[in-house]
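What TrEMBL says about this protein:
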type	residues	note
SIGNAL	1-20	signal peptide
DISULFID	30-45	disulfide bond
DOMAIN	59-209	domain 'Cupin type-1'
BINDING	104, 109, 114	oxalate binding site
BINDING	107, 109, 114, 155	Mn(2+) binding site
């Protein structure tokens, strides 16, 4: 009897482990059908017989982005929104252009780890670990250097030179998402109460109101 209970427990453990794992590919590809009315975690697949080569293609990463904004940077994303064939494949790219002393401000990707390679220039980069340590890992990167930003952690890049810089980032999701900290906290719709933010940041409400006005 004890051996039967042990066998049942082993089977249950195996089944729960299988269900908790990400499913493997069940077909060669799953090109996103962006016209589908079916709501799934991602995109429904279109008929693979209707797939065309353009479903797996994007052109434009050779083009310099327009960095004439307050942050002095621009991200050109290549994810499932640009390449439908990335659906279910768990990978995407982005080009980041930086003006002299421009930055990609503190942000996080809720669904992806990022690995960044500097193509031109020098960047000061870093990420901060979760509570309670909030430890900063930072480093100056030069051309050819590579740095990893773990999934879900706040990170940034800053161009430390009076020259333009370029980086390419690979991300472990077809749709990594991005939350820019300042935009989310001070530019949310509806706005977060200035009483809450003043207490959170330990500053006067007038300072909070001034920052919120920038967004």
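Each residue, glycine too, has its Cβ placed from N, Cα and C.
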Lowest local Cβ density (other Cβ within 10 Å) among binding-site residues: 107, 109, 155: 107
Fewest Cβ neighbours within 10 Å, where candidates are the disulfide-bonded residues 30, 45: 45
Distance from residue 114 (oxalate binding site) back to residue 155 (Mn(2+) binding site), taken between C-alpha atoms, in Å: 10
Alpha-carbon distance [residue 104 (oxalate binding site); residue 45 (disulfide bond)] in Å: 34
Residues that sit under 8 angstroms from residue 114 (oxalate binding site) by C-beta distance, when 6+ apart in the chain: 148, 149, 155, 169, 170, 171, 172, 176
Per-residue pLDDT averaged over the domain 'Cupin type-1' (59-209), given as an integer: 97
All-chain count of other Cβ atoms within 10 Å of residue 104 (oxalate binding site): 26
